[in-house]
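Undergrad: One structure is given below, represented as structure tokens, and several questions about it will come after.
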Amino acid sequence: MTQQRPPLEIRLCGPRGFCAGVDRAIQIVVLALKKYGAPVYVRHEIVHNRYVVEGLQARGAIFVEELDEIPAAHRNQPVVFSAHGVPKSVPADAEAKNLFYLDATCPLVSKVHKQAMRHQRLGRHVILIGHSGHPEVIGTMGQLPDGAVTLIETVEDAHTCHFDDEDNLGFVTQTTLSVDDTAGIIKELQARFPNLAAPAAESICYATTNRQDAVRAAAPGCDLFLIVGAPNSSNSKRLVEVAEKAGARMSMLVQRAEDIEWEQIGDISVVGLSAGASAPEIIVDEIIDAFKAHFDVKIELAETTVETENFLVNREIRDVELTVKDMAFVNGEHRVVGISKLMQGK
């Protein structure tokens, strides 16, 4: 006699997973491989997800941390800069080495670069709210001369920082931060420096805000909340924090279904599921299938908004056709079809 599986509700968040900037960055590498052939070099992980990186490596991408790692024999092959953005010195170095490069910096990160440079042009010292060592922070700080930017990571930093000219300050933020935590830091800075200039537009990107809002709405009543993402993915780690603060009994970050420790989960009846902006949909499907092996699963789509943003790839590769098959290694079947199947229980 077959043992009956316990019932389980999975609240599948929407939006989740790839944002337009991540989609664009991966497409740039895929299209470069189609147009120019392998190898295509990529400086730093194109996005913070090993599954994506390994999938691109299998297609002929080679990942390096510095341009000096590109062999002289391959200097005629393209190099792609990651979605996180790079300091100004990197494209300058590429040009000095006569390298052909494609910049996959997210357009919303580029917007933050422009906001920081505008502050400086107006004579302001720039305050960057972000996490030390994150590639996006390194790239943003690298848009301005040494000493022109001060990094603030916490409310305590905001409370203790000092500046020579407190009347000429402007701030920008890393795009992937927690909306709530950033608000606290900005509030402290504005209390201490009343003339602090804000950026012309919100720095935290729409995708970060949307994913956090969806998790926040779905978390109450969840016994467990899983976020698909990498340990070095800032926006994924923030989603884990948001789930905990919003009422999930337990939340955790997983990269693959094999990371789930079933014996530690215990007695659960409601699970929340979302994915960071660099996590592919195919892993979300994998995790749902893993739960179906243990439970009688019912999918509830917990959608707070629908994203329609789309960013163009670089002009040099717009003549190359991108097919569903080209992106199947991360998307699986077309997303709309996938959601339809999930709602039908596959």
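Each Cβ is built from the backbone N, Cα and C atoms, and glycine gets one as well.
From Swiss-Prot, here are the annotated features:
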BINDING   Cys19, Cys106, Cys205  [4Fe-4S] cluster binding site
BINDING   His48, His84, His134, Thr175, Ser233, Ser234, Asn235, Ser278  (2E)-4-hydroxy-3-methylbut-2-enyl diphosphate binding site
BINDING   His48, His84, His134, Ser233, Ser234, Asn235, Ser278  isopentenyl diphosphate binding site
BINDING   His48, His84, His134, Ser233, Ser234, Asn235, Ser278  dimethylallyl diphosphate binding site
ACT_SITE  Glu136  active site, proton donor
Undergrad: Using the Cβ center of Cys19, Cys106, Cys205 as the [4Fe-4S] cluster site position, which other residues in that chain lie within 8 Å, going by their Cβ?
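TA: Result: Ala20, Gly21, Val22, Ala83, Pro107, Leu108, Val109, Thr175, Thr176, Tyr206, Ala207, Thr208, Ala277.
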Undergrad: With every protein chain in view, how many other Cβ atoms are within 10 Å of the Cβ of His134 ((2E)-4-hydroxy-3-methylbut-2-enyl diphosphate binding site)?
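TA: Taking all protein chains shown, His134 ((2E)-4-hydroxy-3-methylbut-2-enyl diphosphate binding site) has 17 Cβ neighbours within 10 Å.
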Undergrad: Could you check which of the recorded positions Cys19, Cys106, Glu136, Cys205 is the closest Cα neighbour of Ser234 ((2E)-4-hydroxy-3-methylbut-2-enyl diphosphate binding site)?
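TA: Closest by Cα distance to Ser234 ((2E)-4-hydroxy-3-methylbut-2-enyl diphosphate binding site) among the recorded positions Cys19, Cys106, Glu136, Cys205: Glu136.
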Undergrad: Restricting to the chain of Asn235 ((2E)-4-hydroxy-3-methylbut-2-enyl diphosphate binding site) and a gap of 6 or more, list residues whose Cβ falls under 8 Å of its Cβ, or answer none.
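TA: For Asn235 ((2E)-4-hydroxy-3-methylbut-2-enyl diphosphate binding site), the qualifying residues are Thr176, Ala207, Thr208, Arg211, Gly229, Gly276, Ala277, Ser278.
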Undergrad: Measuring Cα to Cα, how many angstrom lie between Glu136 (active site, proton donor) and His84 ((2E)-4-hydroxy-3-methylbut-2-enyl diphosphate binding site)?
TA: 5
Undergrad: Any same-chain residues 6+ apart from Cys19 ([4Fe-4S] cluster binding site) with CB under 8 Å of its CB? Would you list them in sequence order, or say none?
TA: Cys106, Cys205, Tyr206, Ala207, Ala277, Glu307, Glu309
Undergrad: Using a 10 Å radius around its CB, how many other CB atoms surround Ser234 ((2E)-4-hydroxy-3-methylbut-2-enyl diphosphate binding site)?
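TA: For Ser234 ((2E)-4-hydroxy-3-methylbut-2-enyl diphosphate binding site), the count of other Cβ atoms within 10 Å is 25.
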Undergrad: In the same chain, outside His48, His84, His134, Thr175, Ser233, Ser234, Asn235, Ser278, whose C-beta lies within 8 angstroms of the Cβ mean position for the (2E)-4-hydroxy-3-methylbut-2-enyl diphosphate site?
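TA: Result: Val47, Pro135, Glu136, Thr176, Asn232, Ser236, Gly276, Ala277.
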Undergrad: Between any two of His48, His84, His134, Ser233, Ser234, Asn235, Ser278, the residues recorded as binding dimethylallyl diphosphate, what is the biggest Cα to Cα distance in Å?
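TA: Those residues reach a largest Cα separation of 15 Å.
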